[in-house]
Protein chains: 2
Amino acid sequence: MKFLKIPAATITRLSLYTRALEGLIKDQVTVVSSKKLAELCGVNPAQIRKDLAYFGQFGVRGVGYYVKELLFDIKKILGLHREWNLAIVGVGNLGCALVAHENFTKQGYRFVAAFDADPMKAGRKLVTGLMIYPPSDMQSVCRDKQVEMGVICTPPEFAQDIANRLVDAGVKAILNFAPTQIQAPEGIKVENVDFSVKLDNLAYYLTTS
Amino acid sequence: MKFLKIPAATITRLSLYTRALEGLIKDQVTVVSSKKLAELCGVNPAQIRKDLAYFGQFGVRGVGYYVKELLFDIKKILGLHREWNLAIVGVGNLGCALVAHENFTKQGYRFVAAFDADPMKAGRKLVTGLMIYPPSDMQSVCRDKQVEMGVICTPPEFAQDIANRLVDAGVKAILNFAPTQIQAPEGIKVENVDFSVKLDNLAYYLTTS
DNA sequence: TTATGTGAACTAGTTCACAGCA
DNA sequence: TGCTGTGAACTAGTTCACATAA
């Protein structure tokens, strides 16, 4: 079934399922039905079964899913059974907050490099001890530290240039916090974290309803 | 046409269009075709025309759209012709970064209140001068400052409780940065900004491709 | 009996293709 | 002629409903 095209939404939901499952483990729950898990995640039970069906059969009919096993399997699917090396570009307020954010490390994402165009910052270290390099060092540092994902926290006008540099440095996945659309060549995955868009959604909702 | 159910994705794209249009204004461009705008936003031209058609007719056949007018109209649709009062809950690294973030204020979003459960923080002021209150004051402060949107930046285990308090305080829209699914009653809009999910998407991409 | 796994039915969202108008 | 506005065709994604298996 792996050859089927898997909806992007399915991957996003798998990520949600891992959280719910981790919560269940904390509560000592060992078995869960798609119905129960669906409630926790706010989705349809059939949706969960469909999502999982893309990758195999993980449940026991008449019983449900073994929580620990399912969590392990989903993490494996998502590639969360290993650690990932990240680089942050732009260590302003937001960038620093992200590096310090425990949710990254807890999940196996490690910041191994930092970059900033500000000559006052480049050459210094973050509070975490992480060295800040100028963007001109991106290629060598990224290869050296084996950076696999780049996180862009620069002002929007520099985001595209930084993305290009990251791609040149061999980075294949980019998480973009700058409020702008980034163009990247085939084979490079860009995800946008765009809270101004989310706020605009809220504004629209409050305006119409 | 206003009575038609409008896809959530349409609203999100409208937000993207405003950015592109602001860029065009900066570049002194006065007229733009759906084709050109589509290129800038990375979408299909028909998509743009469809999106706009939900709200009326904004273009001139054979010509295109007048940039300034269209931007004004879209902002009006989204409710961005006015300011919005926000409260931040949880002023850790991320919360502070968000309050300081210029992109909010530039777009008409104003933080008018801050809350934190930490007794070391409550009673103090943020660097911006914003007073930090304990969560117990939420109801009175939110009504007093006319808070319309709440931004949750607490650890995930407190997010639901904070959401409940915000709702009790009359807040109808919530932007949730905590990596957990929040339940809210009918009539309350919750948007999630979930970068761990986005990272997991990248991990999946790098793992499979 | 219970809950998974899955084809079929349905729903939503996108793109096409062209009529209509400046 | 050129580009918008929009019904129709298409594509993707979700939910239903039930056969299947513990």
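Cβ coordinates come from backbone N, Cα and C, glycine included.
So that you can see what the record holds, here are the features copied from TrEMBL:
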type	residues	note
DNA_BIND	B:16-55	DNA-binding region
DOMAIN	B:79-181	domain 'CoA-binding'
BINDING	B:G90, B:V91, B:G92, B:N93, B:L94, B:G95	NAD(+) binding site
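Proximity of distant same-chain residues to the DNA-binding region (B:16-55), defined by a Cβ-Cβ separation under 8 Å and at least 6 residues beyond the stretch ends, is recorded for 1-2, 4, 6, 10, 63-68, 70-71, 73-75, 77-78, 80. With a threshold of 8 Å between Cβ atoms, the binding-site residues B:G90, B:V91, B:N93 that neighbour chain A are B:N93. Residue counts for the domain 'CoA-binding' (B:79-181) under DSSP (helix as H, G, I; strand as E, B; rest coil) come to 37 helix, 25 strand, 41 coil.
Annotation for the binding-site residues B:G90, B:G92, B:G95: lowest Cβ count within 10 Å of the residue's own Cβ, B:G92. Per-residue pLDDT, averaged across the DNA-binding region (B:16-55), gives 96.
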